[in-house]
Each structure stands twice: as C-alpha cells, then as structure tokens.
Amino acid sequence: MFRKVEDFVTAYKDQRSGTLSILGALTDQNMGQSIHADHRTLGRIAWHLVVTIPEMMGRTGLSLPEVDPESPVPGSAQKIREAYERASQELLTAVSTQWEDETLLEQDEMYGSNWPRGFTLSAFMAHEVHHRGQMTVLLRQAGAKVPGVFGPSKEEWGQFGMEAPSV
C-alpha cells in the first residue's frame, strides 16, 4: 500500500516504462494471438491495460477523460500504445497534482469492498504487471522479440556479454 504520493509516482513511472516496452512489441499482425480461442487476444489484453486506467482510477474520484473505458479495442497496435501513453501520463499528472499523502488513506468503494486509495494504487500496479506477464507469453508464442522488463529476456542476454540461461 502506498503511503506517499511521491512513492507511487516514482514506482509507476518505472512500471509505465516497462509496459511501454511490452506495448512496443505489439504489432497489427500479432494482436490476434491468443492462448486459446475462448481467451483474450494479445490486443485485447493490451487494450484492457489502457481502459483499466480510467475505469479503476475513476472509482477514486479522479477524472481521467483521455480514454473512454467503454471504448472498443482499436485495430492498430500504434493506437493502443498511444492511448496507453496518454492515459498513463494523465493518471500520473492527476495523482501528483490532485492528491496529497493523506488522500491515500481515503476509502472508495472498489468492486464490492472499500479500499484505501493507497491500496488501490498498489492493486492497480499489480494488475498491470500481471497482464503484462500474460502479454510476454503471447508475444513469444507469436514469434515476437520479447523485451526484458525486470531483467534481460532470452534474446537480450547476449547484449550483456552473457549466455542465456539454459532451458
């Protein structure tokens, strides 16, 4: 749970960078990749990350009009990435200018429970990391180069003069 607005802003800037790297591997050609016909596609998961920003954080009273949470998945990977850039920056600006550290203790109704805003920010980031992990699997299945986020991906070890770990 975040107790300081500055701590969230610092942490989310880092997570945002990782998500933008993953979204950079999304293409119009691989957006349809899914693990199974009745599961979300790569493009749908990417768009879910975007619309969760105004949907989830809107429950805290923040007005985030940059992206309509009810809007359909765009047909373009570039549009998804651009929408994420705008919505995530809008969130960073709103939290850093509209909330104080004490605001993080205020509670909001969130999906049937009351959550302190500091917890909501933590859950929001964990949600993004969770789906980002799903995206890396689908990107690999689609034959895309997977960017490293919390360390080098299999393809990136050589850039550090190291051999990729054995499978």
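Any Cβ shown, glycine's included, is placed from N, Cα and C.
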Of the candidates His39, His48, which does TrEMBL annotate as part of the divalent metal cation site that also includes His127, His131?
His48
Number of other Cβ atoms within 10 Å of the Cβ of His127 (divalent metal cation binding site) across all protein chains:
14
Can you list, in sequence order, the residues of the same chain other than His48, His127, His131 whose CB lies within 8 Å of the CB centroid of the divalent metal cation site?
Ile45, Leu49, Thr52, Glu128, His130, Arg132, Gln134
